[in-house]
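So the structure is just underneath, and the comments pick up after that.
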Amino acid sequence: MTTTTDHHDHDHEHHGPAKGLTRWIYTTNHKDIGTLYLWFSFAMFFLGGLFAMVIRAELFQPGLQLIQPEFFNQMTTMHGLIMVFGAVMPAFVGLANWMIPMMIGAPDMALPRMNNLSFWILPFAFAMLTSTLFMTGGAPNFGWTFYAPLSTTYAPPSVTYFIFAIHLMGASSIMGAINVIATILNMRAPGMTWMKLPLFVWTWLITAFLLIAVMPVLAGVVTMMLMDIHFGTSFFNAAGGGSPVLFQHLFWFFGHPEVYIMILPAFGIVSAIIPTFARKKLFGYSSMVYATSSIALLSFIVWAHHMFTVGIPFAGELFFMAATMLIAVPTGVKVFNWVTTMFRGSLTFETPMLFSIAFVVLFSIGGFSGLMLAVAPADFQYHDTYFVVAHFHYVLVPGAIFSIMASVYYWLPKWSGRMYNETLGKTHFWLSFVGVNVTFFPQHFVGLAGMPRRIPDYSVQFADINMISSMGAFLFGASQLLFLFVVIHTIVAGKKAPAKPWEGAEGLEWEVASPAPYHTFTTPPKID
Amino acid sequence: MTEQQQPPRSHIKVVMVSIGTVIGMLLFVYYGLRPLYFLICEWTGITGSSFDQAEAQPFVVQEDRPIKVQFLALNNAAMSWQFHAVDSEVIAYPGEVVQVSYYARNASQRDMVGQAVPSLSPFEATGYFSKTECFCFNQQPLAAGEDAELGLVFQIDPDLPDWVKTISLTYTLFDVTGEMEVSLLD
Amino acid sequence: MPTKLFRRGMLLFATLLATLAQADLKLNMTRGVTDISNEVYGLHMLIFWVCVVIGIIVFGVMGYSIVMHRKSRGAVADNFHESVKVELLWTILPAIVVIAIGYRAFFTLEKMYDFDDSDMTVEIVGYQWKWRYSYLGGDAAERVTYFSSLATPRDQINGLTTKGENYLLEVDEPLVLPIGMKIRFVISSADVIHSWWVPQLAVKKDAIPGIVNESWTHINEPGTYRGQCTELCGKDHGFMPIVVEALPQAEFDTWLAAKKVETRKLAELTQKDWTYDELMELGESAYVKNCAACHQVDGSGIAGVFPALKNSVIALGPVEDHIDIVVNGSRNNAAMAAYGAQLSEVDMAAIITYERNAWGNDTGDVVTPVDILNYNAGQ
C-alpha cells in the first residue's frame with residue numbers, strides 16, 4: 001500500500017477483537033494485554049491492601065488482640081511480596097504495553113505471543129503464592145526480603161512454592177523487558193528519533209535493561225535457596241562453609257535496582273502529565289534522560305546500604321555510603337526539572353495533575369528520609385526501624401502508586417473512550433492524600449523513638465502514633481474502593497471523550513481516536 | 001493460509017545447536033564449575049582466611065608487639081556437644097607459631113559428626129592470620145560419650161596493620177551427622 | 001475544586017495534628033549516653049535540617065507556582081524549556097552539600113569501627129527468642145554466662161491485665177555493664193540472624209550464625225537502657241528485648257563478684273536432693289519461660305507447627321528419649337534446639353519432670369539434676 005497517514009487505518013482492519021472469553025486468553029494485542037495487566041494489578045493491590053489492613057488492625061493498639069505473631073509475620077511477608085511483584089510491577093508493565101507502541105507509532109509490541117505468555121504466567125504464580133496461606137505451616141513468614149537461614153533451614157514447607165512463584169514472576173518480567181527493548185529499538189516510526197521519544201518511553205527502556213540485568217540474579221538466589229533446602233548444598237548455611245551474608249549481598253544486588261525498577265516508570269509518567277497540565281514543555285528533556293540513566297547506572301553500586309549493620313569492613317561501608325549519597329544528586333535534578341516545568345506555566349489541576357504534584361512533593365519527602373538513611377553512622381539508629389518503613393512507603397505509595405493512579409486518570413479516556421467524573425476523581429485524590437500522610441508520616445517519629453520493624457506488638461510509648469497511623473491506613477484503604485468505583489463507572493457510564501481530552505497534551509497517543517482503535521498505526525505515522 | 005511446509009533446514013540446525021548448547025552449559029555447571037572456582041581463587045589470590053592450611057613461615061618474631069587473641073566457642077542451637085576453648089585468651093607475637101586447643105565432648109547417646117566453622121574479627125586481620133593446623137571445616141566424628149581435644153596452630157603475619165591489637169576467633173559448632181562426607185579442603 | 005470537601009479534609013488533618021501534638025510522644029532520636037550516640041544524633045539533626053531547607057526552597061517555588069501561575073488567574077505559559085547553566089548549577093551545588101555531609105560522617109564512622117583497646121569484652125549471642133550474655137576473660141570455671149529473656153507476663157500481652165510501664169522492654173536478667181570503660185562486644189547467633197540494638201548506646205550489630213561481629217561502647221552515665229532485636233528472626237522477634245543496666249565501676253565489680261559466687265552455687269544446687277513438689281514448681285515456671293512459646297502453656301502445641309506435649313509419645317514414653325530430645329534437640333527439626341547447651345541441669349530436670357506429669361500426663365516420673373548429669377556423662 002502506498003498511503004501513509006492513519007486516516008486509512010480502518011481500511012486495513014478486517015476484524016475487531018474476537019468475541020467471548022477466549023479473546024482474553026489468546027490475545028496478542030498490546031491493548032488487551034495492557035488491560036489484563038492493569039486489572040490484575042488492581043486486584044493484587046486490593047489483596048495486598050487487605051493484608052495491610054490486617055497488619056494495621058493488629059497494630060492499632062499494643063497487645064495481641066486479633067492474630068498471633070506467626071500469622072502476623074505471614075501477613076507482612078505476603079503484603080510485601082504481593083505489592084512489589086503483583087501490584088506495582090504488573091501495573092507498570094500494563095502501562096508499558098498500552099502506551100509504548102502508541103507513543104512510538106508502532107502497531108504493536110515486537111513479540112506479541114511472548115507478551116501473552118508474560119501476562120498469563122502471573123495469575124498462576126500468584127494463585128500459587130496466595131494458596132500458601134492455607135498450607136500446613138502457613139505462608140512464607142520470613143519477610144519479603146527472605147534472609148537465610150530464616151528462609152532456608154527454619155522456613156515453613158510453603159517456601160518451595162514461594163520459590164517457584166518467584167521464578168515464574170521473574171520469567172514474566174524478563175520476557176516483558178525483552179519485549180519492551182525490542183519494540184523501542186526496532187519499531188519506532190520513521191522520524192521518531194531518540195531525543196523525540198516521550199520520557200515515559202525512555203524511562204521504560206532503561207527500566208527494561210535493569211530488569212534483564214537483575215531478575216536473573218534473583219532467580220539465581222532463590223535457586224540456591226532451593227538447593228540449600230532440598231539438595232544438601234550450603235550456599236547460605238555456615239555449617240557447610242557458606243554464608244548468610246552472601247545471601248544478603250546477592251539479594252540486594254537484585255533488590256536495589258528493583259526499587260529503581262519500581263520508580264523509573266513513575267518518573268516517566270509524571271514527566272508526561274506535568275507538562276500537559278502546565279501547558280509547557282518539559283524543562284530540561286536531555287537532562288532528564290541523562291539523570292535517569294545515571295540513576296540506573298548508580299543503582300548497581302549501592303546495594304550494601306541495606307547491610308550497614310551486617311558487619312561489612314570499614315572501607316566497604318564507606319564506599320556504599322558515598323555512592324548512595326551521590327545517587328541523590330540526579331534524583332534531585334529530576335525534581336528541580338519538574339518544578340521548573342510548572343514555573344511560569346499555565347496550570348490547571350485536574351485529577352492527574354493533583355496526583356502528579358503530590359508525587360513530586362511526597363516522593364521528595366521519601367527521598368529526604370532516604371538521604372538520611374544513606375548516612376551510615378546515623379543508619380545504625382534507623383536500620384530495621386519504622387523510620388525505614390516510613391521511607392520506603394513514602395517513595396512507593398505516594399510515589400509509585402500515586403503515579404499509577406495519575407496515569408489511570410490521565411489515559412482512561414484514551415483506553416475507554418469515556419471521561420471519569422472529575423469531582424469523584426478529586427475526592428479520591430484528597431482522601432488518598434490525607435490517608436497516606438496520616439498513615440506514614442507519624443511512622444518516621446515512632447521509628448526515631450525506637451520502634452523496630454516487623455513486630456506485631458510494641459511498647460506502650462509507641463501506642464498513640466500507631467493508633468493514628470492505623471486510622472490513616474483504614475482511611476486510605478477505604479478510599480481505594482472509591483477508586484474502583486470511579487474506574488468502573490467511567491467505563492460503563494462516563495461521558496464520551498474526545499481524541500485529546502487534555503488541552504496541553506502532546507504525543508502520538510492523542511492523535512488516535514478515543515477509545516483507541518483495536519489496531520493503531522498499522523501504517524507508521526509521519527513524524528515531523 | 002498456506003499448506004504446512006517442512007521447516008527449512010536452517011531452522012532444524014538452529015534447534016539442534018541450541019539444545020546442544022544448553023546441554024553443554026549444564027555439563028559445564030556440573031563438572032567444570034568447581035575446578036574453575038579453585039583455579040580462579042588461586043590465580044587472583046583470593047583464597048579466604050580458612051581455605052588453605054598455610055605453612056609456617058620463617059618470620060622474625062616481633063617481641064615488642066603483643067597481640068591479644070581471644071578464642072570463643074559457640075554451639076549452634078541444634079548442637080548439643082560440650083564445646084569450649086581450653087585457652088580462651090593468649091598473647092601472641094607476630095611471627096610466632098602458637099598452639100592452642102579446644103575441647104569437644106559428645107555427651108549424647110548416639111554417634112554424631114560435628115563441624116566447626118571459624119570466623120575472625122576484625123576483617124582486616126583475616127589475611128594476616130594463618131592457621132597451619134586447624135580443625136575447621138574438617139568433619140569431626142565423635143562416638144556417643146567420646147571427647148576430643150582439637151588442636152589449632154596459628155601464626156600472625158608481621159605485616160598485620162599497626163592498629164590491630166586484639167583478634168577474636170570464634171568457632172561455631174554445627175551438627176552435620178548424616179550429611180554428605182565432603183571435605184572442603186582439597 | 002470541591003472546596004467543602006477540601007475544607008473538611010483539612011479539618012480532619014488538623015485534628016489529627018492536634019492530637020499528635022497533645023499526646024505524650026517521643027518524636028526524635030535519643031541523644032543517648034555515649035559520645036558516639038551524641039555524634040550520631042548530631043549527624044542526624046544536620047542532615048535533617050539540610051533536608052528541611054531544601055524542602056522549603058523546592059516546595060516553596062512549587063507552591064508559589066501553584067498559586068500565581070494558574071490558568072484561572074490568567075497566567076499564560078512561558079516557553080523556556082532548557083538551560084545548561086541551570087542544570088549544571090543544580091547538579092553541582094547538591095553534590096557539594098552531599099560531599100560535605102559525607103565528609104563529616106566519615107569521622108564518626110571511623111570511630112564506630114575502632115573496636116580495639118577495650119577494657120573488657122562481653123560475648124552476646126542471639127537465640128530464638130532471647131539473648132545470652134557472657135563476660136569473657138578470667139577463670140573459665142567462674143565465667144558468668146546467663147540468658148536474658150522477656151519478663152513481661154503473657155497476661156499483659158493478651159490484654160488480661162494492664163500493661164506495665166516497661167511493657168515488652170523488660171527482661172529477667174539485664175546485661176550489667178560498668179560506666180566509664182570501653183566495652184567491646186563480640187556478637188553472634190546460635191540459629192538465625194538477629195540484631196542487637198540499644199538506641200541510647202547507638203550500638204546496633206547483626207548477630208549472624210557462623211560469623212562473629214564486633215562492636216563497642218563507652219557509657220558515660222549510669223542508668224537503665226532498653227532496646228530490641230532488630231532483625232526478623234521468627235515468631236517472637238518482637239518479644240526478645242535488651243536491657244542494659246549501667247553501674248558505676250565499684251558497683252559493677254560487686255555485682256560481678258556476686259554473680260561468680262552464684263555460678264559456683266548452681267553447681268552445688270545440682271547435687272541437692274530435690275522433691276517432686278520442688279521439681280514441679282520450678283518445672284512449671286521454667287517450662288513457661290523456655291518452652292511455652294512454642295509448645296504453649298497448656299502443652300497443646302500448634303497443629304502442624306509445634307508438637308503437643310500433652311499426651312505425647314515423648315512425654316509418656318521412655319525417660320531416656322525425653323531427656324535426649326531436650327538435651328540434644330530434635331534430629332528432624334532445627335526449631336527444637338539442643339537445650340543441653342542453654343539450660344542448667346536443674347532447669348532441665350525440672351522441666352522434664354513437669355512435662356511428664358502436667359496436663360494429665362501423670363507418669364509419676366521424677367527426673368533429678370543428677371539424672372541429667374549422669375545422662376550427659378554417658379551412664
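Just so you know, glycine gets a Cβ as well, placed from its N, Cα and C.
Keep in mind that TrEMBL annotations are predicted by a computer and have not been checked by a curator.
If you look up TrEMBL, you'll see C:21-116 marked as domain 'Cytochrome oxidase subunit II transmembrane region profile'.
Break the domain 'Cytochrome oxidase subunit II copper A binding' (C:117-258) down by DSSP state and the numbers are 23 helix, 63 strand, 56 coil. The domain 'Cytochrome oxidase subunit II copper A binding' annotation in TrEMBL covers C:117-258.
Across the domain 'Cytochrome c' (C:278-359), the DSSP tally of helix, strand and coil residues reads 47 helix, 2 strand, 33 coil. The domain 'Cytochrome c' annotation in TrEMBL covers C:278-359.
The signal peptide annotation in TrEMBL covers C:1-23.
Annotation source TrEMBL lists transmembrane segment at C:47-67 (among others). Tertiary proximity for the transmembrane segment (C:47-67) is limited to same-chain residues at least six positions away from its ends with a CB under 8 Å from its CB atoms, namely 94, 97, 101.
Among the features that TrEMBL reports, transmembrane segment is placed at C:88-106 (among others). Remote same-chain partners of the transmembrane segment (C:88-106), defined as residues 6 or more beyond its termini with a Cβ less than 8 Å from a stretch Cβ, comprise 43, 46-47, 50, 54.
Secondary structure of the domain 'Cytochrome oxidase subunit II transmembrane region profile' (C:21-116) per DSSP, as helix, strand and coil residue counts: 68 helix, 2 strand, 26 coil.
Looking only at the domain 'Cytochrome c' (C:278-359), the predicted model's pLDDT averages out at 90.
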